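Here the structure is laid out as C-alpha cells; the discussion comes afterwards.
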Amino acid sequence: MADIVSSMRIFVRVVETGSFTAVAKENNVTAAQVSRAVTALEQQLQTVVLHRTTRHLSVTEPGGRFYERAKAILAAVDSATDEARSADFAAAETRGRVVGTIMSGLVLGILLSRPISSFIAAQFGWRAVFGFGAVVMTLVTVLLALTLPGLGVFGLVGTGVLLDFAVQMNLVLGQREIYLLDPKSRNRLNSIYMTSVFVGGAAAGSAIASTLYRHGGWTWVGVVGMLFPLLALSRFLFAGKPAQ
C-alpha cells in the first residue's frame with residue numbers, strides 16, 4: 001500500500017511540474033528512479049498515464065482522470081495523517097475523544113459517500129448527486145461560518161478550500177463540454193485541455209503567484225487572481241454562444 005501511495009504522489013508531482021528532473025530534485029533521487037516509479041504505477045494500473053519522449057511529456061486521457069482521483073486520495077491520506085497527529089495538540093484527558101471524533105467523521109465520510117451517491121443517482125439521476133453535494137457544501141459553509149472562531153488563519157484556510165473547490169468544479173465542467181463533442185476529436189481536445197490546465201494553471205499560475213506575492217503580497221495575488229475569472233465571465237456573458 002505504501003508503494004502505491006508513493007507512486008501516486010510522484011505521478012501527481014510529475015504532472016504538476018511537467019518534469020521528471022524537478023520531481024527527482026524534490027525527493028533527492030534520480031530522474032531514472034522517478035521514471036521507474038511511474039512505470040511501476042502504470043503496470044499496477046495496466047494502462048499508460050504519461051506519454052514520454054526525449055523532449056515532451058504529456059498526460060494521457062486515463063492519466064488525466066487518474067490524476068484527479070489520485071489528488072483526492074492523497075488529500076484524504078494527508079488529512080488522515082494530520083488528524084491523527086492532532087492528538088498531540090489535545091489535552092491528555094480528552095485526547096482519546098478528540099482522535100475518535102475526528103477519525104470517525106473521516107471514515108464515515110469515506111465509507112458513506114459512494115453508497116449514498118449511488119442511491120441518489122439510481123433514484124433521481126446522476127445530476128441529483130451534484131445538486132445534493134452543492135446543498136451539503138452550502139450547509140457546511142454556513143455551519144463553519146457560525147462555529148469557527150473569528151481568526152485570520154481560518155479565513156485563509158477557508159479561502160484555500162473554496163478556491164480549490166471552484167477550480168475542480170471548473171475542470172469538471174470543462175471536461176463535460178468536451179465529452180459532449182464529436183467522439184473522433186474528443187481525445188485530442190481532452191489532451192489539449194488537460195495540458196493547458198497543467199501548464200497554464202499549475203506551472204504558470206504558481207510562477208506568477210510567487211512573483212506577485214514577492215512584490216505586492218496577498219493584495220496583488222488576490223487582484224490578479226480575480227482578473228482571470230472576470231475575463232472568462234465577461235467572455236461568457238458578452239461574446240454569445242458559437243453557431244451550432
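Note that Cβ sites are derived from N, Cα and C of the backbone, with glycine treated the same way.
Since the structure is predicted, the reported quantities are computational estimates derived from the model, not experimental observations.
What TrEMBL records for 8-60 is domain 'HTH lysR-type'. Per TrEMBL, the feature domain 'Major facilitator superfamily (MFS) profile' maps to 56-244. According to TrEMBL, the feature transmembrane segment maps to 124-146, 152-172, 192-212, 218-238.
If one looks beyond the transmembrane segment (218-238) by at least 6 residues along the same chain, the residues whose Cβ comes under 8 Å of a Cβ in the stretch are 208-209, 212. Residue counts for the domain 'HTH lysR-type' (8-60) by DSSP state, with H, G and I taken as helix and E and B as strand, are 33 helix, 6 strand, 14 coil.
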